[in-house]
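In what follows, a structure is listed as structure tokens, so that the remarks can point back to it.
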Amino acid sequence: MDVFNVQELSFSLVRDQPYLSAFLLVMGSIGVGRVIYQTLSVFLQTFILPGTNLRKFGAKKGAWAVVTGATDGIGREFSLQLAKAGFHVFLVARNEALLASTAAEIEQKYGVSTATHSIDFSKADKSAYNSLGSSLGSVDVGVLVNNVGKSHAMPAYFVDTPEEEMSDIVSINVQATLQVTHSVLPGMVQRKRGLILNVGSFAGAVPSPMLATYSGTKAFLTTFSSALGEEVRKDNITVEHLNTYFVVSKLSKIRKASALIPKPDAYVRSVLSKIGLPCGASYSGRPNTSTPFWSHALLDYGLTLIGLQSAFISYTHGLHKDIRRRALRKMERDAKLQ
């Protein structure tokens, strides 16, 4: 059928089926209107609208913020910026010396109280969690930041992933989040006030080949946050899963910032200024998820709008294969120098 015949058939359908034509016009208009509305909503949330004021969760009212993985990268920035906002800060991490120095810096800069607790989440047993729970038991926790996390040493196929590495990733990314949240949640429920931030990853929203265990644990955080958020909504507690692309940190192994890869301070500022707003995660079908940093938000919304997850998975697979090749070559060069 040539182009002329197709056009002639289309015109005849419009002429002979006015109701069908009207229906198609209405449906097309609704579809276009919905995309315009959703896009404007995402832009407003990401660039203009303010999030929930932190005073709702006890800032400058004597409440504490608990931060895991609090001495480096994103966790350190959460500790500093929550202190600046008026929270006392309870820092949880493995290295006692870094805990002490970070706590001293916070007290000197912001004049708030601090407390520290050393725990290795990769090896934590029931006794270790009971000890942490006991330390947190009398604390008026307004904010919990489940930030501690671990990824693979380098991208690798699941069949080649060391068992110890798999176990550590699950212990740190999943078990630590469950246990610490379970320790502070009863107090939040009793006080009818609280904010729980679970630091996630795009690897949980879009499966990441060669980081299968890490990707699976981050997907867990997405579902856990949605379920818990619905449970405690009646108690005036906000649960937010932070969908995060790359940030300059030891975990990401990225040292240079860019428009798509912010430094920790810029990333945390975006999170704390957009509490309660899904931003780029709007219309993603992931309740209680927020993608607040502007470039991450646009990327997340773009994936939702265009629906190219399968292409993104393939791209990520290729990227991780290249990263692994370069990492192995570097290991070979280093071995020759020894």
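Using the three backbone atoms N, Cα and C, a Cβ is placed for every residue, glycine included.
The annotation active site, proton donor is assigned in Swiss-Prot to Tyr214 on the grounds of similarity to another entry. The Cβ of Tyr214 (active site, proton donor) has Lys150, Ser151, His152, Ile169, Asn173, Ser201, Ala203, Ser208 as same-chain neighbours under 8 Å, each 6 or more residues away in sequence. DSSP classifies Tyr214 (active site, proton donor) as helix under the three-state reduction.
Marked as active site, lowers pKa of active site Tyr by Swiss-Prot: Lys218.
Per Swiss-Prot, NADP(+) binding site is recorded for Val66, Asn95, Asp120, Asn147, Tyr214, Lys218, Val247, Ser249, and the stated evidence type is similarity to another entry. Spatially close to Ser249 (NADP(+) binding site) yet at least six residues away along the chain are Asp72, Gly73, Ile74, Pro264, judged by Cβ distances under 8 angstroms.
Summarising the annotation, Swiss-Prot assigns transmembrane segment to 20-40 and lists sequence analysis as the type of evidence.
Taking CA atoms as the reference points, Asp120 (NADP(+) binding site) and Lys218 (active site, lowers pKa of active site Tyr) are 20 Å apart.
The C-beta environment of Asn95 (NADP(+) binding site), restricted to residues of the same chain at least 6 apart in sequence and closer than 8 Å, consists of Thr71, Ser118. Annotation for Val66 (NADP(+) binding site): spatial neighbours Val89, Phe90, Val92, Leu136, Val139, Val141, Val143, Leu144, Val145, Val180, Val184, criterion Cβ-Cβ under 8 Å with sequence separation of six or more.
Recorded residues Val247 (NADP(+) binding site) and Lys218 (active site, lowers pKa of active site Tyr) have their alpha carbons 16 Å apart, per Cα-Cα distance.
Its own atom aside, the Cβ of Val247 (NADP(+) binding site) has 23 Cβ atoms within 10 angstroms in the protein chains shown.
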